[in-house]
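Enquirer: Just lifted these from TrEMBL, have a look:
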- 44-130: domain 'Amino acid permease/ SLC12A' (DOMAIN)
- 41-61: transmembrane segment (TRANSMEM)
- 73-95: transmembrane segment (TRANSMEM)
- 115-136: transmembrane segment (TRANSMEM)
Amino acid sequence: MAPYVSHTRGSTVGLLRTKSVEQSLADADAPEYQLKRTLSALDLVVFGVGVVIGAGIFTLTGRAAHDVAGPSIVVSFVIAAFCCALAAMCYAEFASTVPVSGSAYTFSYASLGEIFAWIIGWDLILEMFLGASVVAQGGARTSGCSSRTSA
């Protein structure tokens, strides 16, 4: 069996080729791709909560509760928690379908193709940079160490 299964013909074959789930599993079993299981269940839960909550809770919650929402901020949190649970269920479905490391990149490579996996992988990297900058800006604003000076 070929390592890459293509569903298209023509000049875009290289961009839209996909990797089968079986090939992804075989690649994950290769010794050079083996990962050591060093994280505990608590580590994974804390990491997952940190990623799901994101930076907005540290920078916008107090301001939104004071200026806009008031006591209904609790309802907003319930709605946001429901949306986060839906996203978590999508990732659980992905992980059960393609049980290898690689997150959304691997899932999109197996289902959509190489070009979409490349785009999604870079989107995830940019998301992490943006989240880090928002947290840094919120922390600086909270501590009073903002780089902006007033004239």
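Placed from the backbone N, Cα and C atoms, the Cβ positions cover glycine too.
In TrEMBL, annotation is done automatically, which means it is predicted and not curated.
Keep in mind that what you see is a predicted model, and the values were worked out from it rather than measured.
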Enquirer: For the domain 'Amino acid permease/ SLC12A' (44-130), how many residues does DSSP put in helix, in strand and in coil?
Expert: 77 helix, 0 strand, 10 coil
Enquirer: As a test of reading the model: what is the averaged pLDDT for the domain 'Amino acid permease/ SLC12A' (44-130)?
Expert: 81
